[in-house]
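The structure appears below as structure tokens.
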């Protein structure tokens with residue numbers, strides 16, 4: 001009778017510990033759907049404009065002191081005005097400006113959990129603040145609601161990216177935030193890289209590119225979420241407390 005009561009209490013303790021570890025595991029919250037219609041970001045400018053504006057400036061390719069491919073005014077990939085990674089103007093990616101090496105900020109500590117996730121999902125891109133580059137995808141088949149844009153996309157889809165930049169899903173509270181960030185950095189990087197090669201993008205290009213990249217970012221989020229949960233389940237299953245309790249309980253049953 002005593003052994004029976006002890007066995008019951010051990011079983012209860014085992015279940016409680018297992019549940020506690022599972023509840024304490026940090027998981028990203030599922031977000032709302034993306035194809036619910038309407039603007040994702042109210043307060044946008046021109047009709048049919050961009051849904052993913054960069055912070056602190058005009059829309060993609062807008063005439064803020066210099067349009068696409070212009071030599072002055074801070075356009076994308078330009079030699080003056082503080083463009084991306086440019087030697088003039090300061091503020092570019094990876095530029096030190098007037099700061100000396102003595103004032104360099106300390107390097108951020110590497111999160112080993114993120115490194116493990118990156119090894120399974122994609123390579124970390126240097127100089128992009130921890131963003132990873134996903135594997136190549138087939139460009140999605142999208143209907144834009146009018147014949148002109150549908151035809152334009154079919155004829156120019158090769159000009160749009162087939163990989164996306166993203167951060168680990170556990171850094172975001174929901175899918176919407178992940179996709180928004182993913183679209184912004186992917187469109188920006190692709191635009192800068194392509195513009196420096198001498199190819200310009202029209203407003204139609206940017207609009208279509210955002211839609212295409214949005215679908216790819218949603219797919220990337222789904223892949224990363226599934227992989228994240230699988231890694232989390234493995235950690236919970238083989239973490240020390242549940243394993244020790246399970247072994248102890250089995251030994252008690254065998255001996256008893």
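The backbone N, Cα and C atoms fix where each Cβ goes, glycine too.
The Cu(2+) 1 binding site annotation in Swiss-Prot covers 64, 65, 66.
Feature annotation from Swiss-Prot assigns Cu(2+) 3 binding site to 80, 81, 82.
The feature compositional bias 'Gly residues' is assigned by Swiss-Prot to 55-97.
If you look up Swiss-Prot, you'll see 182-217 marked as disulfide bond. In sequence order, 164, 166, 178, 179, 182, 183, 186 are the residues of the chain that are 6 or more apart from residue 217 (disulfide bond) and have a CB within less than 8 Å of its CB. Under the DSSP three-state reduction, residue 217 (disulfide bond) is assigned to helix.
Residues or ranges marked as GPI-anchor amidated alanine by Swiss-Prot on the basis of sequence analysis: 233.
Feature annotation from Swiss-Prot assigns region 'Interaction with GRB2, ERI3 and SYN1' to 25-233; the stated evidence is similarity to another entry.
For 63-70, the entry in Swiss-Prot reads repeat '2'.
Annotation comment: Swiss-Prot describes 71-78 as repeat '3'.
The annotation signal peptide is assigned in Swiss-Prot to 1-24.
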Residue 182 (disulfide bond) falls, by DSSP collapsed to helix, strand or coil, into helix
Relative to the Cβ position of residue 182 (disulfide bond), how many further Cβ atoms are located within 10 Å? 25
